């Protein structure tokens, strides 16, 4: 929905371009540095012993990138990663001395590592978003089952969209978990898990937006509305993972799903008499402004904070407000149904 990745993931994961040919990795000096590192295991005076020797100190046999000690492969700081990072940092120092600004390498800005974290600020902010979603979902659960009255026959909630919001909360937490992992280390597996979880959340958010704004309560009608969208999202995820991770096509799909949700919630907020519709308006407009951070990208300040990291920061308070609206909606619908029952 309009949570951190309703409109926000439309920008963050969907406005990404192809990472195969950035200005930095096309630089002849950078390429030369990589070749030297791959053949000698050194970048200047900085040498990586795991590039040239096995864990017992013997000479490597076979390709250098296949002979990493297990603990290095587990952390994913292998020879190739260390060579890329060191060559990137050396090239950036040379560019800075010439008065040139940073450029992207393999689709990403040059970030400074902290411990085993590739983008430490984005990791921390993604983790905070995960915590905010857990807090929002838990408070929603407590409100429904411990504060609001339950149906006396089956001890079930009066709120008709309870189950859907539970699924949404699980998908949101899953999406932010893989976002955290992805920013720790960008490899093929973490990229696909991050993209897939984001698309799954965005697709389910669209389904939920349709069902809530049109107040679809009957199970048969819900299936009729949800089935085509669910089939499309599932097919798209399978396409990205097993056929072609096409960034342009993924951008198109995400943008269309995001705009559809934005329009649904904006129109519904305009025509409904919901007492908390102002929260929805804030999330809609603030989310639109936050998306500008993804469109107008800029290099990381001091090697740590870029536009994407700031986007992660803006989603934290918006996530809190979004779950506040969800709780208000549950309370509003419950009280309305109780009045009708009397």
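The chain as shown is numbered from 1 upward.
Every residue, even glycine, has its Cβ placed from backbone N, Cα and C.
Note that TrEMBL annotation is computational and uncurated.
Under the heading signal peptide, TrEMBL lists 1-21.
If you look up TrEMBL, you'll see 123-146 (among others) marked as transmembrane segment.
What TrEMBL records for 158-178 (among others) is transmembrane segment. Below 8 angstroms of C-beta separation, residues 1, 3-5, 9, 126-127, 129-130, 133-134, 136-137, 140-141, 144, 148-151, 190, 193-194, 197-198, 200-201, 204-205, 208, 211-212, 217, 326, 329-330, 333-334, 337-338 of the same chain, each at least six residues beyond the ends of the transmembrane segment (158-178), sit close to that stretch.
As annotated by TrEMBL, transmembrane segment applies to 193-211 (among others).
Residues 192, 195-196, 199-200, 202-204, 206-207, 210-211, 214, 216, 249-250, 253 of the same chain sit 6 or more residues outside the transmembrane segment (223-243) yet have a Cβ under 8 Å from a Cβ within it. Under the heading transmembrane segment, TrEMBL lists 223-243 (among others).
Residues or ranges marked as transmembrane segment in TrEMBL: 249-271 (among others).
Residues or ranges marked as transmembrane segment in TrEMBL: 278-296 (among others).
Annotation comment: TrEMBL describes 308-326 (among others) as transmembrane segment.
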